[in-house]
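Enquirer: My questions all concern the structure below.
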């Protein structure tokens, strides 16, 4: 058929409600240009929706031989090693910079916080490359190699004397007084380079692994929702196992065999996981990259701006533009039903007579393309509300360890290193995930009626609520710990552990924050994967990592503000976050976090109440046809 021919679509017309340009609700029939030459950003035509393909981009003839739980085992291993390295660096690098590189504790802590923040916030780049050009498999393959190179460089920095300052005559007292020979500028430059190369590698892996694992399940299966729900729980379980190993085995290796062996063990683990990931290649199902998502977003914004003065009731209006048939104009994406949100963006899809037969995508976009942008915008408020939880988690990594240094870590005949204390949130997460389906789901199902116990947003809300309880308890206990230290003469000797006060009181706040993390982060990962557009799954998943990175940066900023506002060196007034924890006021800081968490929780309740889940395609299992259910539940073949 000639590209200039226009015909009315048989689908249900889209209804525009409450438009100020018309006095009543007006129904506009959607018309399509039937063309196989629709021009996209890179000259691609439209292709089949979300059909999985093999590594060569060809449709998989027999899906039963690929994907499923067998394929995810190799993916779990990769994520486990990545998080083992991530947490291993987070718990050991500050101490390495202080004890070996002889850098001040404050600057070492800020450097590591920046590393953690950048490695998470830059995950958007990895998500973009995966969705636009490389696909999730090749993005993971490339960035795990970069990650391994960075870990190898860090191992060399801790193993070869040339990369370290002189360690002679540098005892504990000299370290505290700052009399040890500091690292040379080029030595610190090398360490920072390999550290940030490692962070760059993590940025490419993190947004892709969870979505690539979820890709292994057939969305046409009747058990798809159940499989997806269990996958994200097991996925986070693999993260937890990696963290537990980092906080125990890696710490033990460091204490017994030195820093080089500790960092080397992380590199070996990453190398083994890379090998296993590549071994699983024949089992993987892939999704075709859909072209640059940023280009598609820019096209919508430009087209909407160009037609900002166009009226929905104009006589020049033909309809809302969409390609015909069951396929969308975006590679790797199915069609997305029209919604009434962000109606100003709908003007990008308004087809006018002046657009002609073959309009530029910078002047006219499809409904699906416009809805992609709407979805990305709608995901922001909910994700932003998890930044506060990530801020609290970041603070716990340093504040709780400082608390533990002043307390007795003896457990029977076993004395645990203070750096092992963060293992307890991991153990609580492991326990909760293990009991999740046998205890929580049946109980909550009776209360909510939800088949999985709670919806994704409900789980995020539960996590945020539990985090408030955790940080509030931390404030109350810190007040008790500080008063105990002052009353028993430990105010000056803050490095001397109080033998009569057990550090295991900290387990309450650790376990509570572990529960919060399970519900919030796992619920968020599943929420982002299911709600994100088909061709933007990696970018959607990177939202969670971006929130984690912003939480790290927010923690550094908040710490700096608190130190400058509450401390006065001229009057010898210590800040709330004084290095001497017994003269500081960590309890006030915890309560400030409690107030901020309550405000954040209220913002989440508002955002989640306003959020509308996207229309999910349903499939006719006998024919495999995709059926889109609109808001009025009228099924139409997409």
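The backbone N, Cα and C atoms fix where each Cβ goes, and this holds for glycine too.
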Enquirer: Looking at 341-367, 503-529, I want to know which stretch TrEMBL calls transmembrane segment.
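Expert: In TrEMBL, residues 503-529 carry the label transmembrane segment.
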Enquirer: Taking a Cβ cut-off under 8 Å, which residues six or more beyond the ends of the transmembrane segment (189-209) line up next to it in the same chain?
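Expert: Same-chain residues near the transmembrane segment (189-209) but 6 or more away: 75, 78-79, 82, 85-86, 89, 93, 97, 101, 111, 115-116, 118-120, 122-127, 129-130, 136, 139-140, 142-151, 153-154, 156-157, 163, 183, 235, 538-539, 541-542, 545.
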Enquirer: Assess whether the transmembrane segment (541-562) lies in contact with the transmembrane segment (460-477), where contact requires at least three Cβ pairs under 8 Å among residues 6 or more apart in sequence.
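Expert: Contact criterion not met.
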Enquirer: Can you name the far-off residues of the same chain, 6+ from the ends of the transmembrane segment (375-396), with a Cβ under 8 Å from a Cβ of it?
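Expert: For the transmembrane segment (375-396), the list is 113, 116, 297, 336, 341-342, 422, 425, 457, 460, 463-464, 467, 470-471, 509-510, 513, 516-517, 520-521, 524, 527-528, 531-533, 536, 539-540, 543-544, 546-548, 550-552, 554-555, 558, 593, 596-597, 600-601, 603-604, 607-608, 610-612, 614.
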Enquirer: The transmembrane segment (141-164) vs the transmembrane segment (416-439): three or more C-beta pairs under 8 Å (separation of 6 or more)?
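Expert: Stretch pair does not touch.
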Enquirer: With a Cβ cut-off under 8 Å, give me the same-chain residues at least six positions beyond the ends of the transmembrane segment (259-279) that come close to it.
Expert: 74-75, 77-78, 80-82, 84-85, 88-89, 92, 96, 100, 140-141, 144-145, 147-148, 151-152, 154-155, 157-159, 246, 249-251, 253
